[in-house]
Every structure is written in C-alpha cells, then in structure tokens.
C-alpha cells in the first residue's frame, strides 16, 4: 500500500490508537519468528525516561556545525562597514558564508543576510542555488530554531524544480519544522511527496523523530512501521528512533520485535542502537536481558557504561554497579564526571564510605577540574555516610557554590544531629547574600525536630514566611507537626493539621502517629492511624507503629486486632535489613537470617564474649518491641536476631580494632537495639554509626547523638 493512502486512511494526525495495536501485533509476530522471546505481561517501573543528548544526539537534534568562525577581514567592505560585500561573497564557498560570524553581527542578523542573499540569487544561476547551499542554510535555521527564516527557505525550495525533489532537503525541512514545534508543516511536507522514491530512510526517520521530539512516540512508531510496509530497509538511525519510542511508551513487546530485526540484520549495528536497546530493557526492569545486550556488544563507549551504571544505581543494585565500575576501570575506559556523579548517590544509600573515598581519590588524581554537581554529590555522600567533617572540607574548598551546595551541607549537619552547625551555617549563608529556598528550610526544620529545638524551630517557620518570603509547602508543615509533636504538644500539632491550607498527607499523619508513640497518646494515635490506613493501606510501618502504641499501653487485645487486620489486608511486616561495607564488599543481613554466619565458630565466640560484657554493664533485653504472644525467652532470642546486631557482630570480627562501624538499616531502629548499640560502643570502644530511615545515630562510649530522641 502506498504511504499516502495509508496516512489518508487514518485521518487527523494523532488518531492512531487502532493502528498502534496493529503495530504491536505485526512487530510481535516478527520477533517470534526471529526467536526473540516476547512476554505479554511485564512489570514496568514507574520511573520516567529522559533521553540524554550525550547518549543519542541524533535523537534530539541533528548535529550542527559551529557558528563561531570569524569572517576574514578581506571579505568585509574596505570602509569597515558591518554589511556584507556581496560581490566578494559570491566568490566564496557557501559553507564559509553560512557558518561565519561577521564582526558585530548577531546570529539573527546573519541569517537575515544569508536568506536575503539566497533570495536575490534564486532567480539566476549561481553557486548559491545548489542543494549543498540550501542544506547548510537549513542547518543554520535548525540550530537557531528560526521558523521565520525556515518558511522562506522552504518556499524557495518547493518552487525550484531542481530542489524540491531532493530527499536530503526534504528531511532537513521536516527536521526544521519539527524542531520549531510545527508538526503540521512537517507532516504536510511529508504527505505532499508523491514520488515514493523520494521517501528515503532519512526522510522517514526525520518524520519519526519529529513526532518523538514533540512528545508523540506512538505516532513515531507508526511512521517506522509504515516505512517497513513500504519496503524501506531501516538503518541504524531509524531503528534508534523506533527503540526510543518504545522506551517512551514502555512498550517492551514492540521493542523485542525491533530487537529481532536487529538480530537478523547483516549490517553492523552501531552503538547508538545498542545504547537505546539497553535502556529499553533496563527501564523495563529486565536487568538480565540488559546485561546480555551489554556483554554482547563488540564495542562499548563511556555512554554505554554510564547508562548501565546509572540504572543499576537507581534500582539500588549497588553490588553489581560497583563491580561494573571496577570492570570499567580495568578496561581502561575513561569515565566522565557524570559516571562518578551517578555512583556517589549509590554510595550514600548503602553507606559505602570506602568506595566513596575511592572515587574521591579518582577526582583528586584527575587533571580536570571537578564541576559543582560532582562536588555536591561527594559532599552528600560523606554526610550520608556519617562523615560530616569530610563534607565540610569539600564544601570549604569549593571555589564555586550554588544553592544546592549550601542546602546539601545544611542537610548533612541536620541528619547527623549537629544543630549548632546547622544554625551557624544558615546565618553565614544569609550573610553571604545567598537566598534560601524551600529545600533550605526543610533541612533547618527537620534538624530542629530531630534535636528537640522547639522554640527555634517555631520562630524559623515564621521567619520563613515573613523575612524570606518562602511560602510553606506540605513538607514544611510536616516538619512543624513533628516539632510540636515530639515536644509533647500534641494538641498544637493537631491544630496545625486542621488549619493548614493543604489536605494532610501520609507524612503529616505519620509524624503525628510517631509523636503519639513517643508520648503514649493512644486516642490521637488512633485518629492518625485511621487516616493512614486509608492513605497507605499496604504500608506495614503504620500498622507496626500503632501496634507499638497499644503494646506500650498493655492493650494486647488491640495489638491482636491490628495483627488480624494486617492478615486480612494481606499486609506483611517488612523484614529488617542492614548492610555494612567491609573492604570492597557490601554485606547484607536480614532479621532472623544469616544462619551460616551465626553458626560459625567465630560468630559464636565473639557473640558470647559480647553478651557477657554487656550483661555485666547492666543490659537486659527490652522484649516489649516483640508484638507476638510468646514467652520471654523466645522474645529475647528474636530481638537478638535483629539485622543491625548481626551487622555489628560481623563488623567486629572483620574490621580492625578501633575502626568505626557503619551500618545502614531499612527500618527505624527499635528501642532495645538502640540500648544494645549504646552499650556495645562502650564495651568495645568502637564508634558505631547507624543510619535508619529517620536519622543518624552516632554511638560513642555509651552515648547516642540522638540523645534517645528519635
């Protein structure tokens, strides 16, 4: 079927839903014939996909030549005028004219001159009326996104019989109009082509990328399939465009079909295609398939490595990510600052301080000056590994600081409980003329909440509105509720919730529920829990917290009711998980697990010695944290199997004497483990840094930085 008939049968652009289903069926059959597995049901991640210009520049803009070459003085008028000497300019190659920057002329003025010149020469044969000349001028219009000039050039091309049948010019016109957000004009150029031989792969690709560029990936994919129906062999660029559309649509089925076409191709597949295919599988959560594509690539550039590392970082597959980074170094791949900026947040998430320091060493060894985002990530990594002093060192040596730099440093102090440093840095920030924003005040207010600085926190909330003109957002009200609730001012916290200009979120009710846990307020806690069960019916943390409130009040029947409610709703308590980095490996421990380690002779020896030492210091298990109706001995054994205790014992065995122990946990630390950690830090003379979901706990010589307030 001819392409014109295909499109006319569809009607208005954008009404392609039915045809898209046909596309999926067609490509799916093709993939099955090629032996590429197709699944009808795939669990997709909700993460949106943004294409990086550095990954696939062809998918966003056609590469543009530089416009910054200075015009030779010989081609200006002898009197020094800024106008162009047309007689002399007709003698120079066209490319040197279009991509030349006459002294004192803006790019807009330069395009005006160029278009005027080519309009004047269009009526007579000259070296300015060639396809090459128009191609270069269209390049300039695309670069400047100049629709006004583009329409003039389009008119000249379409009225010139020797130019309007040039596929390269057609593709450039389509690109120009799509870049200028005029898909209607791009589509008209495409549809008005009556000679199918002019619809080359580049023209089809230009139309497809036009749709993709303007947020219509489904239409881009339909153009690609129509091209196949017209017996046009897709090239690497067209395949890249189609795969990008699959990524945007999260359509793995069609993507696998295109993968099948790639497998059958005899031509060499370039890295751009593989990079997009890699992204498709990674964004679909199919990391094993993505790794197969990666391992099967004959050539891999830094973009390819960065793509895989980035997704592994986002999905918290940290061990694989670290191994890939080391392999990248072994293969002498020159990583960019973007690589390190991607890895550092992963180090932050699992408190991988050793790997973070390794990256810092790479930065120091490099001759290239690190950019601000990289230093911000480095600062954040140290803060979230509990090394706030190193964060401050990085902050102090930064020659250029943006607002994010100040906010990160404030947050590093806040999460580590250094409220005095938070206040001092904030005052310095104001004196330096840096205007705070909403993120600044989240760090400040959360720091006040964690350290019990109630009055200062309340005054800061007012200053935010009156002095700094920052309108409080929902997260600021959540901090305010937390500040009041933790101080025992439950009624005031409830009043804030009732009068604030936002509908209370789960974080608001969660803050209130935690305050009720701290102060044993059952009645208000039940109100908060009721709201949370509606907003987050499958969040086990809410059920556990209200169970703790009932358990502390010895209301065991209510504890049983909560447990039964969880069973009926299919809610399971999230398993406690802790991890530590020892040497270059991340060790993960799950509550009640680690049987092989717990049955080892080294564990039994250290654990026995440790328990004897802490019992002599007066420790006895607080079994109230166990909400099951079992005997006290069983409860004590369960508490001893909590993941942070396993991680601590492992670190005592496998690290040198005096080396700080750093643990990250996926849940809030329980009261008994908190007491246990304090005594362990005292009897072993070790600094223990535990980061739970709420804050940092620095245990030093039997004292915690949170002052038992968390």
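Glycine is treated like the rest: Cβ placed from N, Cα and C.
The repeat 'PPR 1' annotation in Swiss-Prot covers 166-196. What Swiss-Prot records for 200-234 is repeat 'PPR 2'. Residues or ranges marked as repeat 'PPR 3' by Swiss-Prot: 235-269. The feature repeat 'PPR 4' is assigned by Swiss-Prot to 270-304. The repeat 'PPR 5' annotation in Swiss-Prot covers 305-331. Residues or ranges marked as repeat 'PPR 6' by Swiss-Prot: 336-370. Feature annotation from Swiss-Prot assigns repeat 'PPR 7' to 371-401. Annotated repeat 'PPR 8' per Swiss-Prot: 402-436, in sequence order. The repeat 'PPR 9' annotation in Swiss-Prot covers 437-467. Marked as repeat 'PPR 10' by Swiss-Prot: 473-503. Taken from Swiss-Prot, the feature region 'Type E motif' covers 508-583. Under the heading region 'Type E(+) motif', Swiss-Prot lists 584-615. According to Swiss-Prot, the feature region 'Type DYW motif' maps to 616-710.
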Exercise for the section: Could you tell me what the rest of the chain brings near the repeat 'PPR 6' (336-370), counting residues at least six beyond its ends with Cβ under 8 Å? Expected result: 54, 302, 305-306, 309-310, 312-313, 316, 318, 321-322, 325, 328, 377-378, 380-387, 579-581, 583-584, 586, 662-664, 689, 691
Problem - DSSP-derived helix, strand and coil totals, residue by residue, for the region 'Type DYW motif' (616-710) - result: 39 helix, 16 strand, 40 coil
Practice task
Residue list, the repeat 'PPR 10' (473-503) vs rest of chain: Cβ under 8 Å, 6 or more residues beyond ends.
Solution key: 438, 441-442, 445-446, 448-449, 452, 454, 457-458, 461, 464, 509, 511-512, 514-516, 518-519, 521, 524, 709
Completion exercise
Looking only at the repeat 'PPR 4' (270-304), mean pLDDT returns 84
